[in-house]
Structure formats: C-alpha cells, structure tokens
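J.: Just passing along the structure, written as structure tokens.
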Amino acid sequence: MRAILVGFMGSGKTTVGHLLAAKIGVPYHDLDDIVVANAGKSIKQIFAEEGEAAFRQLEHQALEAAMDDDGILGTGGGTPIQPNNFEMLKQSDVPVVLLDVLPATIFNRLKDDTDRPLAKQLGLDGLVDLKGQRDRKYEQVSDFRVATDNLSPLEVVEAIRTHLFIQL
Ligand code: S3P
C-alpha cells in the first residue's frame, strides 16, 4: 500500500481514499468492502448473525492479506483499535494517515445511516464516548493527522499529498 487511512466512522476515509487513489493513479481498497466480499454478507448481517468478535477476526484476516497490495487502503473505524491490527500498522513502513473529525460532525453524517451497527446501537452520547476511548490509539498508530471538519474531500486529499509528496 502507498498509504493507509484510519479514523472514526464518518471521518471520510472512503470518500477521501477514492479521490486520493484516483489522483495518484492507483487502486482504492476498502477494508469493509473486502470483509463483505469475503463473507458474502453485509457488515450488519455479520454483526447480527455472528457477533462483533467474528467480524473482528474477518477484518484482521482482510487487513493482513491487503497489506502487500498496491494502492490506498481505507480501514474501518475500529480496525486500528484491535491490538493485532495496531501492531501490524505500527510495524509496517506504509504511512498511516488519521482523518480526524469532531463528534458533532460525525453524528450529522451518521444519523440516518442504517448500515453501521455500532452507530445505531450507541447514539450520539455513545459515539462521543467511543471516540474518546479510541482517540489515543488513532493518534499513536498514525504518522500524521488531518483535521477534516472544515475541509472539502479534495482539500483533505491535497493535505495528505503535501505531507507525503515524496512517496506519492
Ligand atoms: C466500525 C466501523 C465501520 C465498520 C464496522 C465497525 C467501528 O467502518 O468497520 O461497522 O468499530 O468503528 P467505517 O469506519 O467505515 O464506518
């Protein structure tokens, strides 16, 4: 991979990842989509039928398999929080970019989303708590952070390219 995007649900990883990949002419890989394709069912179904632990196992296997592919990888919001994924991301030479976003922005983006089981279960207060619990890990695993609240997706892409201009 050329770069790996991490960040909370609704931080724009997928949108920015697609744009960044297109801009530099490499494929975009979305970890959630890989898990869904491998499992043959949606994330919502995996959580409902097999539970979160099973989802995390599938997610870890998908991350391990994707690391050597070329392109930009967008992870799931919980990916870098799992200790085995955290270690894998820390040890890799691939730059890890944190897309950060305020809780209020996240809630606005996710409130009508029916495909994110955690967001649905938790509500606004729960999302704020969960983000608070995760923020340190996001910071520790990433090489740099882009605060995206007041930036368009293209501006986020440019901020990433500016940081990584030598490699990308
Ligand atoms: C999750 C985030 C989701 C998806 C799953 C769990 C999380 O990915 O992997 O629903 O634990 O934060 P997005 O960040 O792409 O929504």
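Sequential numbering from 1, following the chain as shown.
The backbone N, Cα and C atoms fix where each Cβ goes, and this holds for glycine too.
Straight from TrEMBL, here's the annotation block:
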type	residues	note
BINDING	GLY10, SER11, GLY12, LYS13, THR14, THR15, ARG116	ATP binding site
BINDING	THR14	Mg(2+) binding site
BINDING	ASP32, ARG56, GLY77, ARG134	substrate binding site
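Are these features on the surface or tucked inside, and what touches them?
T.: Long-range Cβ contacts of THR15 (ATP binding site) within its own chain (separation 6+, distance under 8 Å): PRO153. According to DSSP, THR15 (ATP binding site) sits within a helical segment.
Within the same chain, residues at least six positions away from THR14 (ATP binding site) with a Cβ under 8 Å of its Cβ are ASP30, GLY74.
According to DSSP, ASP32 (substrate binding site) sits within a helical segment.
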J.: Any of the binding-site residues GLY12, THR15, ASP32 with a C-beta atom under 6 A from ligand 1? Give them in order, or none.
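T.: Only ASP32 meet the Cβ criterion.
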J.: Rank aside, I only need the closest one: which of the binding-site residues ASP32, GLY77, ARG134 has its C-alpha nearest to that of GLY12 (ATP binding site)?
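T.: That would be GLY77, the closest of ASP32, GLY77, ARG134 to GLY12 (ATP binding site).
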J.: How many Å separate the Cα atoms of ARG116 (ATP binding site) and ASP32 (substrate binding site)?
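T.: Rounded to a whole number, the Cα-Cα distance is 11 Å.
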